[in-house]
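Single-structure report; data block below.
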Amino acid sequence: MMHMPAWLPPLLYYAASMLYIYMTYALSQSQTPPLWFGTDAAERSVRLWLYTNSLVAGGFLLFAVHRGGVGVFSWARKHLLLVTAAGTLAIFSSMGTTASLPALGLLMLTAGYFAGGAHYVSAMTIPAPYRGRFLGGAITLTVLIQYLLSSGGKDVSGYLLMLVLLCLSFLAFRSFTALDARLHAAANDQSSVDERNVPPSPRFIAMLIVMVSCLAALHGCGDIMALKHYAQFDESLFHDTARLFFPAGIIAAGCVADYAQRKYLLSVTALALLLRIISLLTTNTQDMFFLAQSTEYFIDSFCIMSYTLYFMDIAPLSDKPSLWAGMGRTLALPISALSANVFALILDNFSLPGFMAAYVLILALLNLFFYHAAFREWLEIPAYERNTAESPTPVIPVGPTGAPIPAAAIPLPETVTASGDSLAAVTHDLAYYQQKFDFTRRELDVLTGILEAKTAITIAEELGIKERTVRFHISNILKKTGLTHSAELKLFLPLCKK
């Protein structure tokens with residue numbers, strides 16, 4: 001039997017979950033009753049968007065709740081099959097000429113549930129250096145399949161949606177079974193106990209939440225601007241072709257994300273957001289419409305990559321990966337839809353200059369986070385470096401009987417051995433500093449280099465890590481000791497023992 005690559009089931013699962021969401025959106029657009037959504041096409045679209053996006057985000061949270069603390073087999077029996085049954089009921093309830101709001105709500109919850117699982121599996125399975133290209137490939141597969149199924153104005157068939165749901169359920173079960181087997185094996189491997197990850201700080205998570213919220217608000221702002229602006233053009237002429245620029249953009253965004261360890265993703269996204277509004281404002285003829293809409297699809301992909309990828313990066317480092325893996329989408333879906341509704345009111349009741357002022361203010365706030373030194377430093381040290389660079393608690397060596405080894409007996413790395421006369425004293429100092437300031441093993445290695453007056457470049461070469469990572473550890477050492485410059489360490493550390 002041919003061995004299936006480890007990345008293939010998560011890729012197919014992710015692509016199928018996104019396809020299921022897109023198809024439920026299309027179904028809701030064609031079969032939703034007017035009710036409070038309104039009769040005007042643009043108004044109805046943005047209100048329905050808020051309703052559906054909020055429910056999909058609720059599905060993400062529902063997955064996080066169910067996944068926490070439930071084993072693989074009981075989870076698969078009790079929840080996965082239950083959600084599949086609920087989705088089946090919702091699909092058949094929505095196959096009339098007009099679907100009920102509860103049926104559509106249930107449909108969106110199941111879509112969000114499966115999508116939350118896809119983000120979790122992908123974050124826990126795909127290594128960080130390839131995660132951007134993985135997302136690009138999965139979403140590209142989704143868009144191409146959707147293009148084949150719905151191009152030319154074809155409606156979404158309930159039976160086709162049912163087939164996608166069954167395939168999605170199978171891929172989810174297969175992916176979770178493989179992932180849980182791997183996680184259980186890792187948990188039973190005693191050799192990996194000391195290689196635990198350090199979770200990101202609450203301050204960083206708060207900054208990331210604000211950044212993603214601003215990014216989603218700008219996304220929704222641009223969407224309503226496009227919806228209002230394109231109303232004067234015949235969108236049907238190029239819509240299907242223009243959509244193909246989205247997979248091109250998402251692949252480009254994935255390559256930018258993986259290149260140089262996420263270093264340029266935020267900068268390119270900020271530039272893309274500026275170009276997006278410029279393309280909208282300069283589109284005043286039907287001939288320019290295709291170029292503007294193609295640019296719109298291409299630039300949207302960078303926004304989606306940014307608010308999806310950074311939360312997926314921190315998921316394996318946290319104690320609640322099922323929550324954080326999909327948090328980018330959970331935040332962005334309702335916020336972007338709410339932003340579209342708010343900016344629609346601004347456009348209707350104020351003017352284009354008022355709209356532009358609000359857009360520029362949010363973009364300026366977003367750039368404060370893009371270029372905040374500490375924030376960028378953390379983002380640019382991705383998960384695959386942090387995994388090996390940190391340890392959550394100071395490691396105190398123990399002997400064969402389980403008793404702690406005396407500090408003076410802790411062996412010193414070769415690079416610290418200065419002379420035979422001072423070896424015991426230096427060794428005792430390092431062990432003392434480690435216990436007093438809660439230094440990690442890697443921070444202790446960096447501190448050793450600092451005390452020997454080595455440069456960050458030299459320390460990086462000796463430890464086999466990047467200079468940026470060394471500076472990250474130096475920053476942590478200074479925070480723990482309350483100092484402002486590494487040169488102060490030589491003076492301060494001996495005094496702290498007196």
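Keep in mind that glycine also has a Cβ here, set from the backbone N, Cα and C atoms.
Annotated in TrEMBL:
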type	residues	note
TRANSMEM	12-28	transmembrane segment
TRANSMEM	48-68	transmembrane segment
TRANSMEM	80-97	transmembrane segment
TRANSMEM	103-122	transmembrane segment
TRANSMEM	134-150	transmembrane segment
TRANSMEM	156-173	transmembrane segment
TRANSMEM	204-225	transmembrane segment
TRANSMEM	237-257	transmembrane segment
TRANSMEM	264-282	transmembrane segment
TRANSMEM	323-346	transmembrane segment
TRANSMEM	352-371	transmembrane segment
DOMAIN	432-497	domain 'HTH luxR-type'
Considering the transmembrane segment (156-173), which listed stretch of 48-68, 80-97, 134-150, 204-225, 237-257 counts the most C-beta pairs under 8 Å: 80-97
Which of 12-28, 103-122, 134-150, 264-282, 323-346 contacts the transmembrane segment (48-68) most, counting Cβ pairs under 8 Å: 103-122
Proximity of the transmembrane segment (12-28) to the transmembrane segment (352-371), 3+ C-beta pairs under 8 angstroms: no
Residues of the parent chain within Cβ reach of the transmembrane segment (204-225), under 8 Å, 6 or more residues beyond its termini: 46, 269, 273, 276-277, 280, 296, 300, 303, 306-307, 310-311, 314, 327-328, 331-333, 335-341, 343-344, 347, 355, 358-359, 362-363, 365-366, 369-370, 372, 375, 378
Non-local residues, at least 6 beyond the ends, that sit with Cβ under 8 Å of the transmembrane segment (264-282): 132, 215, 218, 222, 225-226, 229, 253, 256-257, 288, 291-292, 295-296, 299-300, 302-303, 305-306, 309, 356, 359, 363, 366-367, 370, 376, 379
For the transmembrane segment (103-122), distant same-chain residues with Cβ under 8 A (at least six beyond the ends): 10-11, 13-14, 16-18, 20-21, 24, 27-28, 31-32, 51-52, 55-64, 66-67, 83-84, 86-87, 89-91, 93-94, 131, 134-135, 138, 165, 168-169, 172, 175-176, 179, 308, 312, 315, 321-322, 325-326, 329-330
Cβ contacts under 8 Å made by the transmembrane segment (134-150) with residues that lie 6+ beyond its boundaries: 7, 10-11, 14-16, 18-19, 22-23, 26, 122, 126, 156, 160, 240, 243-244, 246-247, 250-255, 301, 304-305, 308-309, 312
Reported mean pLDDT - the domain 'HTH luxR-type' (432-497): 81
